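Reading through the structure tokens given below for one structure.
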């Protein structure tokens with residue numbers, strides 16, 4: 001045992017011993033655990049610590065498995081027990097017995113025997129029970145078997161000099177009254193929510209809320225279980241942390257704010273170990289872990305661990321190092337209660353007339369505009385997806401409740417499409433479009449009745465007929481894009497002239513997003529294949545064979561012209577978009593995010609200022625939904641915020657490629673290299689899609705069915721016939 005400088009003994013402090021026990025799990029410094037360790041359990045055979053009358057006691061403490069002293073401490077009546085060493089090799093199974101110390105005075109605890117105090121000037125003892133006597137030498141405390149139910153009174157401390165016995169008794173009575181008041185304050189403090197630190201919430205077996213089972217102090221926190229409960233259930237693992245100091249009564253700080261000079265120790269999160277923000281679902285937890293637990297329970301998530309459930313959730317690790325399966329398992333084992341989670345409330349709610357006018361874009365276009373009702377078999381991508389019939393379209397951008405903002409930014413693949421989330425709405429529209437493609441491009445009759453498979457499992461076919469392929473790309477796909485917009489409830493309030501401007505911008509952008517993505521997912525980057533939405537691919541390694549077998553006979557171009565026209569565009573798309581998609585390994589949800597960003601672009605050329613503000617508000621909500629999606633679904637990544645930025649930066653490359661794609665389309669149309677189609681021409685020419693006040697097309701427009709009808713309530717209150725098309729300014733031939 002290392003040498004210790006013995007402090008000078010002074011006046012004895014009255015004291016009593018409270019014995020409890022706890023189980024420590026890891027190394028903890030003595031000073032941070034407690035200021036009073038009085039004895040060891042019966043499993044130890046080394047010397048124990050005791051309180052003697054004005055005599056310093058030096059002892060050591062060893063575990064039951066090893067006789068090597070691991071703790072050295074000294075006791076003086078002046079300052080109580082002060083540790084001079086540290087725990088260097090504390091085993092997990094070591095049980096310690098603690099005494100409660102408040103400041104510089106040992107206070108009595110419930111169920112503890114009284115130890116009278118004395119000094120060199122004390123009076124001789126009398127027969128009265130309340131008389132101050134010299135403290136006898138105490139034997140080492142016996143092992144804890146049971147705790148008495150009533151505490152013995154604490155005798156007054158210090159030297160009392162009286163001549164008259166009555167005065168002495170009166171003085172002793174005053175001391176006892178002060179001690180009782182002090183005990184009441186102590187009990188109020190140790191059972192206050194501010195000092196207990198809610199350790200009972202961390203215990204898997206609930207402790208009875210009575211004095212002899214649990215105790216805290218203003219400077220240190222101790223936890224204990226009685227022997228009867230120990231025999232019926234294993235002892236809990238308690239975290240020994242410093243209790244919060246109570247603010248002074250004279251403090252002018254607000255409730256819940258520590259006074260100046262108060263030191264408040266923040267309890268650790270029971271899941272990851274970082275600083276907690278309070279009690280969440282029954283345990284001390286940080287905001288991130290509590291939000292994760294709430295999302296998992298509300299969305300009924302089912303995670304799996306790639307390491308067999310052996311991951312470690314630590315506070316110093318980044319979000320990407322937290323396995324969601326192990327993190328949720330630790331939430332449950334720490335005591336988080338699923339029943340405490342409040343599930344989502346009504347997502348629609350009711351708004352006042354003022355809020356409706358503020359949110360509704362119709363107030364800017366047409367005050368009397370009516371809102372149509374969309375009736376569609378809305379689906380989800382999962383096998384359990386149902387239908388949502390007769391969903392009323394909102395009059396404007398709905399306010400998404402905060403409870404939904406933290407949960408709806410997930411993939412939304414297993415929930416209904418009736419929820420108010422911009423990202424969720426886009427995902428539902430993309431899922432419905434995928435099912436429509438299954439019907440149009442099915443290779444056999446059985447495919448009409450099958451659920452759409454994943455992209456990797458789709459069967460590709462090589463180009464055999466250019467005319468059939470162009471029919472798919474320039475007759476079916478533009479109509480699917482229009483249906484994608486028409487079914488989007490967030491765009492329903494817009495007048496038809498504004499929808500057409502958005503559509504002409506979106507239909508080209510959409511092709512520039514999907515084709516590089518499909519090419520990458522089907523391995524086209526390595527094979528130099530160009531994959532189209534109709535599951536047809538062109539092999540750019542051998543374009544000549546398509547001229548030899550007559551697949552491109554309807555193109556009216558020779559081999560050299562075709563190569564010079566399309567090969568640079570393909571190479572540019574794969575280098576600037578496809579390779580970046582491959583590098584980030586983007587998901588189908590992120591593909592939908594890109595489609596939403598190009599659809600809700602407030603910078604579209606020629607749109608009305610009211611439309612621009614309207615699109616900006618929807619896009620801002622989409623960005624918020626995307627942020628929540630990355631916080632939840634992409635939390636396993638090392639830097640999800642960087643990935644989110646990389647996805648957003650793809651929009652610039654998509655816009656550049658869409659310009660090249662538009663130029664190719666104009667060239668094919670102007671030189672009559674593809675079969676004529678009225679809707680295809682209207683899609684590229686603004687003059688052919690402008691709407692006159694009476695609802696008819698302009699006289700110079702080509703004849704043919706309009707891709708969308710013009711309802712009376714959706715025309716808007718202004719005309720903008722002079723606006724050029726969004727692509728005309730870039731592709732003027």
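Backbone N, Cα and C atoms are what each Cβ position is placed from, and that goes for glycine too.
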Of the residue ranges 605-647, 691-733, the one that Swiss-Prot records as region 'Disordered': 691-733
From 195-216, 217-238, 239-260, 305-326, the residue range that Swiss-Prot assigns the feature zinc finger: 305-326
Range annotated as region 'Disordered' in Swiss-Prot, from 73-108, 361-396, 397-432: 361-396
38-58, 143-163, 269-289, 332-352 - the one Swiss-Prot records as zinc finger: 269-289
Local confidence of the zinc finger (269-289) - pLDDT mean: 85
